[in-house]
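> Sharing the record's features from TrEMBL:
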- 13-33: transmembrane segment (TRANSMEM)
- 95-114: transmembrane segment (TRANSMEM)
- 134-161: transmembrane segment (TRANSMEM)
- 182-209: transmembrane segment (TRANSMEM)
- 324-345: transmembrane segment (TRANSMEM)
- 365-384: transmembrane segment (TRANSMEM)
- 404-426: transmembrane segment (TRANSMEM)
- 447-472: transmembrane segment (TRANSMEM)
- 478-499: transmembrane segment (TRANSMEM)
- 543-565: transmembrane segment (TRANSMEM)
- 571-589: transmembrane segment (TRANSMEM)
Amino acid sequence: MGATILPELLTEILIPVAAVIGISFSLVQWLLVSQVKLSPERQGGSPQGGKNGFGDYLIEEEEGLNDHNVVVKCAEIQAAISEGATSFLFTEYQYVGIFMVAFAILIFLFLGSVEGFSTKSQPCTYSKDKTCKPALANAIFSTVSFLLGAVTSVVSGFLGMKIATYANARTTLEARKGVGKAFITAFRSGAVMGFLLAANGLLVLYIAINLFKLYYGDDWEGLFESITGYGLGGSSMALFGRVGGGIYTKAADVGADLVGKVERNIPEDDPRNPAVIADNVGDNVGDIAGMGSDLFGSYAESSCAALVVASISSFGINHEFTAMVYPLLISSMGIIVCLITTLFATDIFEIKAVKEIEPALKKQLIISTALMTVGIAIVSWLALPSSFTIFNFGAQKTVKNWELFFCVAIGLWAGLVIGFVTEYYTSNAYSPVQDVADSCRTGAATNVIFGLALGYKSVIIPIFAIAVSIFVSFSLAAMYGIAVAALGMLSTIATGLAIDAYGPISDNAGGIAEMAGMSHRIRERTDALDAAGNTTAAIGKGFAIGSAALVSLALFGAFVSRAAISTVDVLTPKVFIGLIVGAMLPYWFSAMTMKSVGSAALKMVEEVRRQFNTIPGLMEGTTKPDYANCVKISTDASIKEMIPPGALVMLTPLVVGIFFGVETLSGVLAGALVSGVQIAISASNTGGAWDNAKKYIEAGASEHARMLGPKGSDPHKAAVIGDTIGDPLKDTSGPSLNILIKLMAVESLVFAPFFATHGGLLFKIF
């Protein structure tokens with residue numbers, strides 16, 4: 001079999017060191033962002049005059065606007081957004097905290113009851129000749145790792161939101177000096193979130209493994225089975241963050257757009273619009289906190305899936321620690337690679353013009369993928385024996401280290417392909433979105449038809465990319481291959497998140513510029529940043545969905561092995577009923593989330609109309625609207641509405657496993673995976689395309705766009721309607737679906753011992 005080149009001691013040092021480097025780097029970026037002052041003292045021209053934006057004079061000075069008032073206003077607006085976001089998240093976390101404790105108790109009771117809460121050692125699941133720790137220990141440690149994952153997920157989301165609300169007004173103020181300065185501030189803030197999340201996720205998982213090892217000793221099978229709770233905790237919090245945040249942000253957005261833009265004909269983010277603060281708060285709680293928790297969940301689950309399969313392969317059986325933590329070493333390498341990549345955007349290439357923004361963000365993806373390919377090769381060479389065996393549904397399959405390199409690399413490159421296809425279908429630089437914009441000439445109906453067609457069509461290539469990576473990685477290294485392919489896709493998570501968080505920060509910056517009454521030239525700059533951010537957000541969602549498909553397949557494989565199912569036969573009625581019901585679940589879930597957004601938006605529209613009709617002087621701009629009331633409506637609606645969809649996802653595996661047994665549950669998981677991926681990709685891309693078609697008409701950058709515009713024209717109104725329909729698709733249902741498919745799979749894996757022992761009550765009765 002051969003030993004690894006990297007000694008065990010060095011492995012134990014390298015992983016935490018990489019995590020600490022990631023955390024330190026994010027703190028440095030945060031310090032650089034904090035140098036932009038939000039107090040109204042005179043901003044002196046900095047000594048490095050020409051860097052990123054031609055010299056540091058302010059637009060205000062040449063237009064004779066009062067610099068002092070603008071800064072004070074920006075600070076006020078930022079404080080309002082930050083306060084709204086913090087209070088919403090605290091309210092959300094109180095409800096989620098109750099659920100977390102209840103679910104932790106459930107895990108303990110279900111897993112403890114497998115052996116009747118006995119404290120005696122038992123034969124191992126996969127090697128019956130060895131003895132393993134009792135099921136009660138598994139119950140206790142699974143519960144602990146569930147709580148660890150949940151807390152890490154919540155902290156990741158919360159910190160991301162804090163950074164974003166800290167940076168939004170600073171980005172606005174930097175836009176006065178040039179688009180390059182504003183870009184760097186927004187991107188650095190995104191990097192703070194990306195690196196904090198990647199490093200925290202890695203560090204907590206690593207510490208948990210080492211602490212659990214003190215008790216488990218040589219029983220690695222039990223150790224890594226209990227670690228799967230970490231992924232479950234991460235994803236269950238992400239579900240509530242995504243759904244709750246998504247409902248919040250879209251209720252405010254739809255309400256603000258329908259009354260403000262369509263009925264009252266006032267611009268987006270106009271301070272007279274009562275829902276404008278709630279809309280900007282929503283960007284932070286949905287797109288930042290929700291996205292952060294979501295990608296953390298994917299990362300935790302793909303690591304757990306890989307570790308579970310490795311623990312019953314030669315790595316675990318022979319106690320080869322370095323090879324065992326191969327998934328963590330890949331993530332450590334990812335942090336270092338992303339750090340180098342980030343420097344390209346902030347320090348090496350300068351951005352001087354608006355048209356350079358999107359290419360700069362695309363370069364980030366390409367550079368990180370290319371460097372990471374080299375990184376994976378190095379890790380595979382150093383951390384793996386030249387040949388080893390991988391558990392493959394009861395048998396052991398011999399695998400070479402270079403084959404594992406291909407598994408991770410194909411996942412990484414499939415992610416890039418999905419990213420670029422998503423960009424092609426959602427960026428207004430290409431024909432698909434321009435066709436959608438063109439269809440607005442004949443009204444909203446044709447816009448909707450074209451948008452839906454675009455979404456369905458955009459599914460084709462990503463699905464082929466996922467299919468190829470599944471086939472190749474499974475052929476090379478069975479289920480372990482798929483798990484590390486998912487990790488490959490997520491290995492550049494720090495850069496992916498930085499690009500992703502950049503979008504909402506720029507969006508907020510534009511809103512603040514409009515509300516603070518800054519000149520139209522500044523608004524043009526922030527709009528350009530925001531349009532690029534919209535496309536990159538769609539790319540981020542593409543990554544999240546692609547990795548979710550691979551992760552849930554890997555978890556599904558681990559579940560099937562753990563539940564001792566030899567084959568999943570679609571022709572048996574037990575499995576087929578599961579399959580067809582599972583394929584229905586994403587539709588049921590989407591129906592719930594869409595309707596929630598609709599009913600919350602309805603309340604918001606009524607409130608905004610009421611304020612416009614009853615507050616004297618509001619349209620004239622002489623009195624301020626009641627922002628707080630709109631924030632309250634969004635908060636109350638999203639907290640109330642996030643519970644049913646969350647319960648649907650969390651309870652389905654439990655109900656199916658207990659009453660119908662593991663075979664039906666395997667059908668449900670396969671069905672939900674297959675249909676969920678398709679709906680998620682099409683929903684995200686349809687919404688993204690409608691949004692950018694509207695921005696294409698508003699920007700009027702080409703002859704074609706000017707023919708359709710200006711703002712307020714009939715084609716523009718049709719585009720706004722399309723954008724409003726797309727909002728819940730791209731920001732609520734679409735992104736939440738990838739959590740649905742992952743969460744059901746990881747939950748089934750955690751409860752597999754219980755289902756295998758006590759499940760299928762109905763079939764036992766009849």
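Every residue gets a Cβ built from N, Cα and C, even glycine.
Because TrEMBL annotations are produced automatically, they should be read as predictions rather than curated entries.
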> Grab the same-chain neighbours of the transmembrane segment (404-426) for me: Cβ-Cβ under 8 Å, and only residues 6 or more beyond its ends, written as numbers and ranges.
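Contacts with the transmembrane segment (404-426): 326, 330, 362, 365-366, 369, 372-373, 376-377, 380-381, 384, 432-433, 454-455, 457-458, 461-462, 465-466, 468-469, 472-473, 476-477, 480-482, 484-492, 534-535, 538-539, 541-543, 545-547, 550, 684-685, 688-689, 692.
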> Let me check one thing: do the transmembrane segment (365-384) and the transmembrane segment (95-114) come into contact, meaning three or more Cβ pairs under 8 Å with sequence separation of at least 6?
no
> Using a Cβ cut-off of under 8 Å, list the residues of the same chain at least 6 residues beyond the transmembrane segment (95-114) that approach it.
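Distant contacts of the transmembrane segment (95-114): 135-136, 138-140, 142-143, 146-147, 150, 154, 229, 232-233, 236-237, 240-241, 639, 643, 646, 650, 750-751, 753-754, 757-758.
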> Quickly jot the same-chain residues contacting the transmembrane segment (447-472) by Cβ under 8 Å, restricted to those at least six beyond its ends, or write none.
406-407, 410-411, 414, 417-418, 421-422, 425-426, 432-433, 435-436, 439-440, 481-482, 485, 542, 545-546, 549-550, 553, 677-678, 681-683, 685-687, 689-690, 693, 718-719, 721-722, 725-726, 729
> Short question: which residues 6 or more past the ends of the transmembrane segment (478-499) have a Cβ under 8 Å from it?
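Contacts of the transmembrane segment (478-499) (Cβ under 8 Å, skipping residues fewer than 6 from its ends): 22, 187, 190-191, 193-195, 197-199, 291-292, 295, 298-299, 302-303, 305-306, 309-310, 313, 326-327, 330-331, 333-335, 337-339, 341-342, 361, 364-365, 368-369, 372, 375-376, 390-393, 397, 399, 403-404, 407-412, 414-415, 469-470, 472, 536, 539-540, 543, 546-547, 550-551, 553-554, 557-558, 561.
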